[in-house]
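J.: The domain 'Lamin-B receptor of TUDOR' annotation in TrEMBL covers 1-32. Residues annotated as region 'Disordered' in TrEMBL: 46-96. Here TrEMBL flags 51-83 as compositional bias 'Basic residues'. Annotated compositional bias 'Basic and acidic residues' per TrEMBL: 87-96, in sequence order. Feature annotation from TrEMBL assigns transmembrane segment to 249-270, 282-303, 309-334, 375-394, 400-419, 440-462, 468-487, 538-559.
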Ligand code: NDP
């Protein structure tokens, strides 16, 4: 038996975890609520019955109203709380059906959150200050009616009004006019408030609006900040106003042909099958798509097609791809009306349109084996690789075959990363991005704009390069490979562990058990810092920025933005892990103290 935090009510529960001072318990309610409670708030059933029967004996002399107030068996509509488990009445253990206000999911709470003082407490206060003229019996009836009213209307006014009525009839009479005026004022106030609410967007809408505008506009702004003529952040970007600048039928054709080709390649029955969370199976054949798409460039050049049209129509291709991502997000928003509840993303089903569109209502949308997140990753990586190859072709054409080592290194490092994403595409399935984030505007635009956003580094080198000495290039490559080793090593280690924790190759790794059934790695890469893959990513992007030199601020601003995003992401991921793993996550953070840089952060 465990005491429900913040109340005097005891319920059946099972112990999930414990430390020196606290238990983590799971109540036997529908939502299987988990709380952390003190030792004294947990008892075995026999101990509980013994202590309750003793306390009954002692409390027989207490005032009736007090006894009633505290009695867990008292029927009170205020116990509609969604997460409340079946209640035990004393002395007979009786399980009462509890009214629930589902479907609100009850989060797994780590720190005992004292529930807000529910009507029971307010009623107790009202009872205490009630005039002594009334008999305990009448008073109890009033309390019961109060409780009912309170449950119907959530507001203190309802709690207090009847109490005032009982003080004296005269007072009631004199207060009638006042309370009517009060009612009128509150009605007018309420109307004004609802009108204001109707025209004032909620905070969630404002946040989603800002996020959507930023994520859509940022690649266009960066593209105009860094052109062939200049690359500066000190001047406002000269954004073209005419729509034609962003639209070209050829660009639409290129994007459509590319996506269609990727779709066909995605479905070819080559490559190892892996299971998706929806039970469908997907083939890991991204490398086939990559090679097939890449081979188009020499083929088209051989056939005398102008492959550099992709470079010429860069802005239009980017606009078409981003427009397509927005349409995809809208389509997914509508589709989510027909999906089962367990496929929904809790953060994307708030009822606030823009927030839900931005966060995504569904977590892993898939049409049979066509998993959209999986497919989007492949499109991004292949497009990114192709754009970098085009940048190299453009350089060779502009400089009549004289290649630039700095540009070649810059493009090779980005191509290397794109190939890695596709080669290890399976490891996407155990990332936070795949498992927890919704598939909304943030995901679709964020993913589809990545190739255009990241090639800003290589296009800057193409247009404004300073040739770097070979030893500087070597150092940059070394830094990149160092970052890559950390990023790939940690991602693969976690993926292997999540896929098969009893793999003998991972037997040397230490891990912590958790109440969720899975374990947390506390040695290897995940024992050095809590997000080794993120630090690897930061080092990789730093190496790209270094190749642009120190004459331009834009690559460093982009690096700074990415670091900010990654730091924010560590908090987001850890919050989700804390909810999922409870005390075990606290033990992990005690053991692995730093998020990104040992002894620093
Ligand atoms: P991760 O791949 O880092 O996955 C986080 C998940 O890993 C957690 O939710 C948890 O999931 C599991 N996990 C955490 N700690 C441990 C541990 N000690 N032992 C075992 N499992 C653990 O999340 P992301 O989706 O954010 O990252 C995916 C990729 O994207 C990474 O390569 C990252 O570098 C990159 N990325 C890049 C960004 C950028 O701006 N450059 C930003 C964000 C990501 P579980 O429920 O399975 O326990």
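Each residue, glycine too, has its Cβ placed from N, Cα and C.
Set these features in their place in the structure for me.
T.: For the domain 'Lamin-B receptor of TUDOR' (1-32), the DSSP counts in helix, strand and coil order read 0 helix, 16 strand, 16 coil.
Distant neighbours of the transmembrane segment (282-303): 258, 261-262, 265-266, 268-274, 276, 369-371, 374, 378, 381-382, 385-386, 389-390, 393, 419, 422-423, 425-426; these residues of the same chain sit at least 6 beyond its ends, with a Cβ under 8 Å from one of its Cβ atoms.
For the transmembrane segment (309-334), the residues of the chain that approach it from at least six positions outside its boundaries are 216, 219-220, 223, 245-248, 250-252, 254-255, 259, 356-357, 360-362, 365, 372, 383, 386-387, 390-391, 394, 439-441, 443-445, 447-449, 452, judged by C-beta separation under 8 angstroms.
Long-range contacts of the transmembrane segment (440-462) within the same chain: residues 211-212, 215-216, 218-219, 222-223, 226, 231, 314, 317-318, 321-322, 324-326, 328-329, 332-333, 345, 348, 356-361, 373, 376-377, 379-380, 383-384, 387-388, 391, 394-395, 404, 406-407, 410-411, 414, 433, 544-545, 547-548, 552, 554-555, 558, each at least 6 residues beyond the stretch ends and with a Cβ under 8 Å from a Cβ of the stretch.
Sequence-distant neighbours of the transmembrane segment (468-487) (same chain, 6+ residues past either end, Cβ-Cβ under 8 Å): 405-406, 409, 413, 416-417, 420, 525, 532-533, 535-540, 542-544, 546-547, 549.
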J.: Mind looking up the mean pLDDT for the domain 'Lamin-B receptor of TUDOR' (1-32) in the predicted model?
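T.: Computed over the domain 'Lamin-B receptor of TUDOR' (1-32), the mean pLDDT is 81 on the 0 to 100 scale.
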